[in-house]
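A.B. asks: Take a look at this one; I'll ask things after.
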């Protein structure tokens, strides 16, 4: 079957104006002026997009799809994510990962969850590993994981500058980076190390030390949560100016009783002022991860669960507040991520690419989400909710 998205204003992410988009077999096969569907050989579905913006499907590279947390004990382990939580927030491609808990959570469970979500209709990838070094892998090495397991595109999230980390040394992190790099080369994948940066006093210093004392390029490591503290963010600006890629975490908001943090909007303002190349910047949600708050002595005071809904919420504010033009704003969660992670066919609306699309109304609310050519969300409501649509319990007689 063919699908035509009719007369939508396309940001691919570049502004293409009003166009029709022809989809078949999960791919975009034509973009142009009014498409004559009468000449098509089979049934054609028309999606009217006259008052819509059409953009690439969002890529969230940091989601605890199989759950996370556990900082307050077993009862504080966060739940697995559901399909509709992703799709209703415009996410058509997700990268799953483990966090602090690499014991009761496993890379095998993470892979199974990723495969399940893909069967339900979205594209998935994973990072092998967890906070600790030596980290969790499927095989006897990170290098082998990258070469042998299709969904593994890198390693993460490896923790530094955090009391929950393994307190890695320069040598430990350099060895991990080298394994990831060679694994990426041999597999044709990104092979990056996705680095969780905590609130520790050294911030990104360990990454600078590795880059300055080894032959590894700065692009080998992708630090995330870089807007969680102002002093960390100033280091992140320097990291980006030296050629590195940095990831901002959506949903971080200043609080009166806490350290100075930067909302994505404020962080991007500073990056623009510093003349950072915004192609090196991405935004992710940390969805379904735990959000613990610790006091100065490292005691946990509270804990909550992150949501993927903050991804588009924060990026949308960049557009609404005129911080970035539309194309540059959506690039932070589309083509920039695809380029960083070497995700073929993702991040752009382009002939030959996967038909992963989001239709936004004029107020930038998510109306329709299409993954692999299939409509998953319509009028803001999920049409597909996954294998177990709602919790249902039956008794047997």
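Each residue, glycine too, has its Cβ placed from N, Cα and C.
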A.B. asks: Starting from the Zn(2+) 1 binding annotation in TrEMBL that includes 62, 64, which of 273, 286, 314 is the extra site residue?
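C.D. replies: My reading of TrEMBL gives 286 as the candidate in that site.
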A.B. asks: Please report the number of other Cβ atoms within 10 Å of the Cβ of residue 62 (Zn(2+) 1 binding site).
C.D. replies: 31
A.B. asks: Please tell me which one of the recorded positions listed here (196, 225, 286) sits closest to residue 64 (Zn(2+) 1 binding site), measuring Cα to Cα?
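C.D. replies: Closest recorded candidate to residue 64 (Zn(2+) 1 binding site) by Cα: 286.
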A.B. asks: Around the Cβ of residue 64 (Zn(2+) 1 binding site), how many other Cβ atoms lie within 10 Å? Please give the count over every shown protein chain.
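C.D. replies: Counting Cβ neighbours of residue 64 (Zn(2+) 1 binding site) within 10 Å gives 29.
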A.B. asks: Would you list the DSSP helix, strand and coil counts for the residues of the domain 'Amidohydrolase-related' (266-375)?
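C.D. replies: Counting residues per DSSP class in the domain 'Amidohydrolase-related' (266-375), I get 35 helix, 29 strand, 46 coil.
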A.B. asks: Using DSSP reduced to three states, classify residue 225 (Zn(2+) 2 binding site) as helix, strand or coil.
C.D. replies: coil
